[in-house]
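These features come from TrEMBL:
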{"type": "DOMAIN", "residues": "A:16-137", "note": "domain 'Orc1-like AAA ATPase'"}
{"type": "DOMAIN", "residues": "A:186-253", "note": "domain 'ORC5 lid'"}
{"type": "DOMAIN", "residues": "A:285-408", "note": "domain 'Origin recognition complex subunit 5 C-terminal'"}
Amino acid sequence: MTHFTHIKMCDLHIYSYPSIFIYGHRASGKSHVMHVLLKELELPHATVSCVECVSVALLFEQVLLSFFGCDAASLLPRSPSLSDFVRIYRQQCSQSPAKQTRYIVMEKAELLRDTDANLLPALLRLQELVEDNVTIILLSEIVWDKFRPNTGCFEPLLLHFPDYSKGELQQILSQDRHPSYTAEFYSSYINILLGVFYSVCRDLRELRHLAALNFSKFCEPLAEGKVKETDTHKLWRNIEPHLKKAMQTVYLREVSSLQWEQMQQMEEKESGALRGLSAHTHVELPYYSKFLLIAAYLASYNPARTDKRFFLKVDRFNFTPKNLLNHLLGPKPFPLDRLLAIFYSVVDNRVAPTASIFSQISSLVTLQLLTQVSHDDQLDAPKYKCAVSMDFICAISRTVNFDIVKYLYDFL
Amino acid sequence: MSKRKLTDAHLPVGECITQVQEILRERLCCQKLPDRPEGVEAQHKHLLELLKRTAVHGESNSVLIVGPRGAGKTMLLKCVLRDLLEDKEVQKNLLQVHLNGLLQTDDRIALKEITRQLHLENAVGDKVFGSFAENLAFLLEALKKGDRSSSRPVLFVLDEFDLFAHHKNQTLLYNLFDVSQSAQAPIAVVGITCRLDVLELLEKRVKSRFSHRQIHLLSSLTFPQYLERVRTQLSLPDDFPDGKFAEDWNASVKTLCEDKSVEDVLQRHFNSSKDARSMHMLLMFCLSRVSVSRPAIKPADLLEASRLCFADAKANMLHGLSILELCLIIAMKHLNDVYEGEPFNLQMVHNEFKKFLQRKSNSMYNFDQPVIMKAFEHLQQLELIRPVDSSSAKIQREYQLMRLMIDHSQIMEALQKYPQCPTDVKQWAMSAFG
């Protein structure tokens, strides 16, 4: 791997630079190379994931444990400060000095910025503070410029882990091949997979996951005897719609991997009922709730001055179409009165303003289809915002035979 | 002039290289103290005088060493201490307390540390003191010599001095300076800080007790001196075991520094920052390429090291984005151009992208809104875009306003290097009006 040559520069057992910052995209091999290197060369190291260290005590404990054993770690007082850590480290390393450079590897180092302001600058200078041959290696996907404290700090050596090219991704993914199929067969599968997903996602982990999930479907026609291994066109035709569907569901984590696998085993006809997380088009609302929601959508996306034009029963004027400005900016808040006014205007039959109508508004808020913008104690003039998307409201309006597009200002 | 001791010992190349690495790394990485101060002779003399007056004559003093990061403040202090401690009397009597603003974040912790460093834990025991001043007075009292006539001189070194000024009421600083002004005990307070405006941070009562003595370390290096410094940093000392190897090495370093391309590179570094630390980083990159198969530093190594030092991190990250994410960034760039830097949300970016697809694209096709949302969120995780305000409670994700944290020129540079970038995307990026 080309990355080895980059790292090799700083790995000697003599004094190393006090801190090194390695950045690169996710799944570009940073932790992997680090671990392999430290293990192969058998260097004393402590690996800390900053996600696990909710408090600094966990970080200190882990470091002392890895270098000096659990006796040293138990010397830490309750809620230790950085001062305690440095003191204990100094005591311990005067008893057992480092014969080789000790490495502390911190993954997801961007979380260090959210801890105390003194932790990051102190860690960068740890070699100087404890007077020991120790090097801190920070791994992150955020660039160093976003880490630098206000008054500056000891600048670490910056190393970039480049991302994999398409060819390299293909090579790496082809290594997971199933033993009962040939390498060419698997690499043609990977080729097709990359063709669909490469323009959207280049994360190695995601691609491996998708490759593993969809391989059985790819091999299905082969198992059924319909096609031969070399019949790439037919195989492609079989798998391509399936991969497109995967992009809308599994890739977005709308369905879990388990659901996806189950779905693949079901018959074609049944598989249409794949329920995604955000597919709440199956939410069945009462009749008036639907109209309330439509009215809320109109109130959010039409400017108030245009209500007169839409909701009085008069002829409409002819206007030139505007651009989708209101739809780009997001929903606007509206008072309850306006909602009710529009509601009475769009509902066909006469509706009495009973408590059941108002309670339906509250339940829409609970379902998070409406959001309440005003404060809870403003009882007489509450304000709401509509929180549903265009597709959703079009689906709802279709079920009640209401042409919402005619009433939207942006679509005149 | 010391004579070069040419030994006849001839070590194998591997051994030589290891020795070279050891010596040079000690110099570059862990800041080995130079034998003589270079370029800071006046400051060295001043500080040495001051500390001698405290250590030998029992006079209390306070001083601040001020200079930008990497200027050599701590190194100066260490050199002065080393020279000071050559005197036997001083070595016997002087007590040192080293505090660091990054570690001692609280006055209480600082006091414990002082007690510990003066080895007075037993004397203090379980006593409870009413105030900081009492505690400090007790400590200094306890340092009095056996005949109770005078106290031993104590040197307080406060690293990251400006952080101490953020403690509550600045009690530690107040008390230390108070003691240095009154005749209680001979102490010297040396503060080291990178902030030039450190005196503004002190309260009035603290500032009045400070002697206003400042030693500034502002580098006045010229380029020839800088070049010379590079050469000396890379050269091997006279006592290197293999004399022939050392000679060859030093000769190659000399030719390296005379090379024109190397001089240009060093000029560029000198123009961006003169301090020793960034020079050491550059030399460290060069040094790491030295191995048995390449036993000397070549100009190409230095050029490569310079390229690594000046690499644009964000452009490197842009290189690894998927083509969809790159298109979203180009759409954001166009929005910024048209609306002059106003924040945008996902809907606007998607709209802009759709306009591109309708008009100009033949290689990209439209994706669903959730897929675009995922790409957008990935960009947010990489902190290439940032929300305008953090109150994301009441706003839907698609409508949350964001700003782009990348410059126009960085995007164009990244596009040049992007592997297999479709031409219509490139042309879209370069066109003036989305």
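Note that Cβ sites are derived from N, Cα and C of the backbone, with glycine treated the same way.
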Mean of pLDDT values spanning the domain 'Orc1-like AAA ATPase' (A:16-137): 90
Counts by DSSP class (helix H/G/I, strand E/B, coil) across the domain 'Origin recognition complex subunit 5 C-terminal' (A:285-408): 65 helix, 9 strand, 50 coil
Residue distribution over DSSP helix, strand and coil in the domain 'Orc1-like AAA ATPase' (A:16-137): 60 helix, 20 strand, 42 coil
For the domain 'ORC5 lid' (A:186-253), residues assigned helix / strand / coil by DSSP: 49 helix, 0 strand, 19 coil
